[in-house]
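Before I ask anything, here is the structure I am working with.
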Amino acid sequence: MVASGICGTDIKSLDSKELAQFCPIIMGHEGTGIVESVGEGVSTVKTGDKVIILCLPQCGECNTCLNSKNNICKEARLSGSHQTSEGNSRITCKGKTVYQFITTGTFSEYIVIKEISVAKIDEGALLEKVCIIGCGFATGFGAALNSAKVTPGSTCAVFGLGGVGLSVIIGCKAAGAAKIIAVDINKDKFAKAKTVGATECIDPRDFEKPIQTVLFDMMNGGADFCFEVTGNPETVAPALASCHKDHGVCVIVGSIGSWVQINLSSELFFSGRTVKGSVLGGWKTKDEIPKLVSDCMTKKFNLDPLITHTLSLDKVNEAIQLMKNGQCIRCVLLP
C-alpha cells in the first residue's frame, strides 16, 4: 500500500454494532499501491504495477456485471460485510483471524486481495492523490453523471459537503448544471464548495422555514436533481421534498445503516418525483475506475481541493478525529 484515503463510511462503521462481530479488523477501503506479487492464474495485474483498490469488485461474469444498468457484482453480495465469498479472511495475526473492512482493509502496509478487487492504473499516476478515486470521488462524481444523469442547464441541490458531497458538485458542474446549491450546517465548508462549482451555499439553521420550502422557492418549484450525501436518515425526506414535484430526481448517496428505517410521506410520491440509490457512483469498477484516474491525469477534474490533510499511517486516530470534528475534507494516510 502506498496511500489510503479515509472515507466517512469507515468512521460511521466504527460506531456500528454490526462491526463488532468482525473484530479485530483492518479498516479502510480507499487506496492505491504497487503489486508485490500475484497468485496463480492472475492475468490483469503483475508485480510492479501501480493499482487502485476496488471496494466494489467486478468479476465480469455474473448477471450484474453483464447488465449495463447495474454495478454491484455478485461477489459483493456473497462476501457479506467483511469476509470473502468463501466465508473467511486472507489475513491472520498470531494464528487469529483478522478481517478486512469491505474485504479490502487499506489502513495497512500490505494487503492481500482478489484480482477482481484491484485494477491497474497509469504508471504516471500520483498514488497519494488518486487513491480517493477508489471510493469518495468516484461515488460523488458518478452519482451526478451516472445515477442522476444531470442535464445541461439544470438546477441541483447537494445536502452534505464532505469529500463525497464536493465530488457530487464537481460532477454536476461537469454535466453543465446552471445552478448548484450546497447545503450544510458547517459554514466553514462553503468556500471550498464554491471553489469546486457551487453557485450558492446555505445553512438550514439560517431560515425559519423548512429547508425544502426554502429550496423550493429558490429554484422556482424545486430542484431538478437533489443529492442526499450526509448519510443522515432524517435528511432523506427534506432532500426528496426539495425536488421539483413533477420531474425531480433525488439520489441517496450517503451511507445509511442497513438497520435504519426511513419515513417518507406518501404525499411526496403523489407526483412525478423519483428517489433512487447510488453505490460507488454506478461505475463498473474494474473497467471504469482506471479511466477516471486517466481523466485526473489529463486534468479533466481537480482532486486537490478535496485532500486537505496528509498524515502517516500511525496517526490514523488523529486523522479520524479531524474528520469527525468537521476539520477535514479528505485525509490521506501514507505508510
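The backbone N, Cα and C atoms fix where each Cβ goes, glycine too.
In TrEMBL, annotation is done automatically, which means it is predicted and not curated.
TrEMBL lists these features:
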- 2-122: domain 'Alcohol dehydrogenase-like N-terminal' (DOMAIN)
- 163-292: domain 'Alcohol dehydrogenase-like C-terminal' (DOMAIN)
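Tell me about the setting of these features in this model.
With helix defined as DSSP H, G or I and strand as E or B, the domain 'Alcohol dehydrogenase-like N-terminal' (2-122) counts 23 helix, 25 strand, 73 coil.
The average pLDDT for the domain 'Alcohol dehydrogenase-like C-terminal' (163-292) in the predicted structure is 94.
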